[in-house]
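Taken from TrEMBL, the feature NAD(+) binding site applies to 77-90, 288-300. According to TrEMBL, the substrate binding site annotation covers R97, R107, R135, D225. Taken from TrEMBL, the feature Mg(2+) binding site applies to D225, D249, D253. Positions annotated as domain 'Isopropylmalate dehydrogenase-like' by TrEMBL: 5-360. What TrEMBL records for Y142, K192 is site 'Important for catalysis'.
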Amino acid sequence: MSNPSLLILPGDGIGPEVMAEVVKIIDWYGAKRGMAFDVSEDLVGGAAYDKHGTPLHDDTMAKAQEVDAVLLGAVGGPKYDNLDFSVKPERGLLRLRKEMDLFANLRPAQCFDALADFSSLKRDVVAGLDIMIVRELTSGIYFGEPRGIFTEGNERVGINTQRYTESEIDRVARAAFELARKRGNRVCSMEKANVMESGVLWREVVQKVHDADYPDVELSHMYADAGAMQLCRWPKQFDVIVTDNLFGDLLSDAAAMLTGSLGMLPSASLGLPMANGRPKALYEPVHGSAPDIAGQGKANPIACILSFAMALRYSFDQGAEATRLEKAVEQVLADGLRTADLLGEDGVTPVSTTEMGDAIVAALDASL
Ligand code: NAD
Ligand code: IPM
Ligand code: MN
């Protein structure tokens with residue numbers, strides 16, 4: 001049987017820096033756990049635009065459709081900010097999500113004990129936090145038509161359209177309920193049914209899916225603005241949150257700060273099962289290309305490394321190995337290692353991206 005295949009797309013800014021640390025982890029699993037992957041690498045985002053004039057070459061798109069899992073670093077940067085929308089780096093990532101039909105974006109926010117004092121919120125509020133945001137990823141205002149900048153009379157108008165079909169809501173709701181059953185068995189669905197028709201439909205469909213097939217899961221509904229407030233007030237009230245594409249984008253960045261840093265939050269974007277039974281999948285950190293620190297060896301590689309742990313769990317059925325990797329991360333943090341984004345006022349000298357990756361590999365070694 002051939003090895004499972006991985007396509008690595010480091011992208012832009014700190015993307016290649018954090019991905020280099022993930023490659024060390026992949027190599028460790030090959031050498032020490034007999035889990036070899038067939039790894040190929042390609043360009044996405046600004047890096048692809050520089051070479052091909054497009055943020056995602058058709059050949060790369062085709063490769064992404066064939067592999068068992070895609071790992072992506074980050075895309076974008078100031079150099080590309082004024083490009084036409086059709087070729088912006090972010091469009092490369094959006095095309096991958098859309099064409100692979102990765103509708104369920106899992107964004108877990110877990111607060112490691114060693115970082116509980118580092119969150120901008122009080123220790124009590126975040127210690128032991130373990131929530132899962134399920135963000136709908138292939139529809140909503142990100143993709144709705146009509147969209148564009150048009151001329152109306154003597155001025156321009158910018159238009160984006162929020163749009164959800166029943167089946168799009170149905171399938172992401174099911175993903176959230178399935179996950180909840182394996183965790184705390186609670187789902188909170190967030191929309192703005194008070195002002196948006198798409199929110200009314202969202203609430204109705206989520207409730208219907210629940211009543212028909214998941215009555216054992218506790219379901220609540222919340223307006224997304226109140227949800228943002230509750231996420232800061234007492235985040236531990238949540239288990240699984242299911243929400244649309246745009247609200248999920250905002251809420252997951254906010255949730256990142258509960259864990260100490262945006263550099264900590266991984267994600268899995270999952271689609272329908274392929275012929276081999278594995279879901280179509282792309283794994284990436286929640287953060288972006290961080291142009292302010294790119295090229296300085298300061299980036300925290302943990303979000304990207306934990307994204308690979310999610311790949312082990314969701315694509316390769318290696319839950320125990322995923323836990324091993326998560327424990328290795330927890331260990332280096334407990335040992336006091338901190339990249340610059342995780343520093344408080346305590347005078348600790350930060351470690352570099354590479355040093356953090358090496359320490360996690362050493363902790364993996366120690367776990368054997
Ligand atoms: P960002 O996530 O890149 O950075 C926000 C802040 O968090 C910055 O101060 C940055 O230094 C810090 N940060 C982020 N990741 C970090 C890490 N791993 N270690 C340490 N610090 C980290 O968001 P932004 O500045 O709003 O966007 C920059 C570019 O990235 C834009 O072009 C945006 O479109 C793109 N972006 C891409 C993705 C993605 O590829 N998935 C996600 C978000 C933003
Ligand atoms: C994210 C990012 C992306 C999004 C951008 C880069 C397209 O912010 O993955 O959270 O808005 O979805
Ligand atoms: Mn985002």
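Every residue, even glycine, has its Cβ placed from backbone N, Cα and C.
Caution: TrEMBL annotation is automatic and unverified by curators.
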Annotated recorded positions G77, R97, R135, K192, D249, filtered by Cβ under 6 Å to ligand 2: D249
Residue, out of the binding-site residues D81, D225, D249, D253, whose Cβ gathers the largest set of other Cβ atoms within 10 Å: D249
Three-state secondary structure, which DSSP defines for G77 (NAD(+) binding site): coil
Substrate binding residues R97, R107, R135, D225: largest Cα-Cα distance, in Å and rounded to whole number: 26
Lowest local Cβ density (other Cβ within 10 Å) among binding-site residues: R107, R135, K298: K298
Binding-site residues close to ligand 1 - of D253, A290, A294, only those whose C-beta is under 6 Å away: A290
Y142 (site 'Important for catalysis'): nearby binding-site residues from G77, F85, P89, R97, K298, Cα cut-off 10 Å: none
Close-lying binding-site residues around ligand 3 among F85, R97, R107, R135, D249, A290, where CB distance stays under 6 Å: D249
Among F85, Y142 [recorded positions], residue with fewest other Cβ within 10 Å: F85
Those residues of the chain, 6+ apart, with a Cβ under 8 Å from that of P89 (NAD(+) binding site): G11, D12, V44, G45, G46, A48, Y49, P55, V75, G76, G77, Y80, S289
Pairwise CA distance, K298 (NAD(+) binding site) versus D253 (Mg(2+) binding site), rounded so that it is a whole Å: 20
Collapsed DSSP category at R107 (substrate binding site): strand
